[in-house]
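Accompanying notes for the structure given below.
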Amino acid sequence: MNAAPEASEGGPTVRPVGERERSQLVNEEVVYFIFQLDLDTQLQRCLNYEAYEAAQEVRKKRQRVDEAVQSMKERKAKNTGAPAAVQRLAGADYAAELLRLRTEMQRAVEAEDYATAAKYRDLLKELETEAKKAAALAAEWDTTSPSGPVLRLGQRVLHKQLGYRGVVVGWDMRCCESEDWIAAARVGECGRGISQPFYHLLVDARDWEYDPHLPPVAYVPEELLTSPELEPPAEGAAAADAKPKSWAEVYGTDPLQHPYLYILFLGMDGRGDYVPCRQLRDRYNVQRRDVYKPGQEGGEEDDGAAGGK
């Protein structure tokens, strides 16, 4: 089997060519985000039950995860030459502290301690302003694709060359991987190189070899991905056949298989794509997009992460 080397701490790791875009960095980013979701849920539960000592322990764990996230952001920034502050993880970093301040403010109001409540209110305003500034800096750096990414969160895709299936869980507006990874993934052979959106994909576990140390998570340039609705209609097709096809129409509704899927998504929509949880949408500043099957109306309320429903 043809294989491509992938850099690792212990030296190059040989991987099948079909898995050359497997990314430890992107897997790390996704896992940290999942940790943040879980810890935020634990923190809210502790505060709801007024278990303040337990809440403090959860905050300490969240702080350690945030420190690890910051280290990862600095590595990504070093790879791209961008300021670390513009990495698109800022929204998740503020979530726990915003939650804490809102809870403390509510407790002060219930205790009729309005002076303390006013202090928390002012701190909330300051932190929200800081979060907006961080988001604005990230938007300023997103100059490599003025129209934004072509693909969306939860969209199911195929790799044009290697044929594996995946679902989009995020993106960077340019490649943030190391030079070694870029060489191993043959990014230099792409027409648009590193200056295009690179998508974070959960790859269908059936399409890659099992690796007990690294789940199937890929980092793929935009030009190498396709989806049925992006494919042009056949020449001379009737008007009814010229409409973009959905994943379900072309490939059916067989669910993608991946260990992270149920945590990050609420379920499958009527087109065969997946509905991202609120926190994932907030991270990329996108609105919920519901598509129902014929004859269905409405849907479940989205009030948190998929894993908590």
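Quick reminder: no glycine exception, Cβ is built from N, Cα and C everywhere.
The annotation coiled coil is assigned in TrEMBL to 117-144.
TrEMBL lists 298-309 with the feature compositional bias 'Acidic residues'.
A mean pLDDT of 84 is what the model gives for the domain 'UVR' (95-130). TrEMBL lists 95-130 with the feature domain 'UVR'.
The region 'Disordered' annotation in TrEMBL covers 1-21 (among others).
Summarising the annotation, TrEMBL assigns region 'Disordered' to 288-309 (among others).
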For the domain 'UVR' (95-130), sequence-distant contacts whose Cβ falls under 8 Å of one of its Cβ atoms, 6 or more beyond its ends: 36, 39-40, 43-44, 47, 59, 62, 66, 279
